[in-house]
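Note sheet for the following structure.
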Ligand code: 3MF
Ligand code: MG
Ligand code: MG
């Protein structure tokens, strides 16, 4: 089999002292963190769209990325070759999973029927390569945002035919995800929202979206697919306002439309920050609602106001993320998908390896730091102490639901004034975290 990355060896763990740029310094797949191997804790995934379909083009300039294997056509032959390239890349990185949009892997045809046929041809090759290499599908999804037909939305389009087309595309993508053993299915609603409210019936659009999700779930059940459905929150871009604005908006929609237990969340760092949150906030908010299903691991640029989809290299970020993820012992059927792209100027194929190696090592370091913090327990002990007034007396009555306003007023009239507050010690806690980095 032709090699597409002949100059790249299989990337191995060489330890923190290694100076080899094509080696892991911290990601040691067999190293145990809180009882599970790094491989099982992270369940790293390569995304097809940025990694094998990215061209480096941006709104102001043409593509720059050197991809010698890609003839730039939409032919099936080119798509089949990309599959071989993808699995060589995934195998050399030693990453267990990958993710795709339907239209990343197979070209859209002139009719829906032709698109389905193209998808089937490529899916057969993906299955072959999965069986040959052992790499698995973390999740599939449908691209309901690129084609002009989706300009007014897909499941929230004002055009019923477009809604029906989107349903057909998601039906097929769920079927192929199931066929390939995918463990989850993602819905990112890049066009599900509005550009302005003068032309929008928000109530009907949200109602249509809820019906779409129930139809999707019903179909998944009917074919035997029990993969986890995941909403991927994002506040904006390309749509001015995206209905899946953030974790809270998603969970509100899920709860109000009978989707509890059916849909969890795929949280992306750059989407969290675009929504005005930290990633730690979105992860914790999802976790406390038992809705943290998977993550799109990337980072934005705090000085830029759009989704830059950069690879995560900030150890503070990965430590904060792992402090939350370790609280729920990992991501279950989900994983750590690098929804991230090399910069337009990092145009050589080898840059794809540097980017993923850096992201994987950053998560490994963050997990080791977070595990050390959790092991010493000083952070947890501080928080426990801070809320200790709710462990007994009036606080316990508030938490067990037996207190009433009248009780609380009688208690405070008797007592006269609240007990003094204790310091929040933010600076001490930030210093504490720094001791572990
Ligand atoms: C957009 C995204 C999307 C989603 C993808 C899967 C193109 O900002 O993050 O990537 O991750 O559609 O849901
Ligand atoms: Mg994403
Ligand atoms: Mg994104």
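Cβ from N, Cα, C; glycine included.
What you are looking at is a predicted structure, and each value in this text was computed from that prediction instead of being measured.
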Co-listed Mg(2+) 1-binding residue [TrEMBL; alongside 232, 296, 339] among 192, 205, 268, 282: 268
Candidates 101, 104, 232, namely the recorded positions, that fall within 10 Å of residue 309 (Mg(2+) 2 binding site) by Cα distance: none
From 232, 296, 339: binding-site residues whose CA lies within 10 A of residue 271 (Mg(2+) 2 binding site): 232, 296
Secondary structure at residue 307 (Mg(2+) 2 binding site), reduced by DSSP to three states: coil
When distances run from the Cα of residue 307 (Mg(2+) 2 binding site) to each of the recorded positions 101, 104, 232, 268, 296, the nearest one: 268
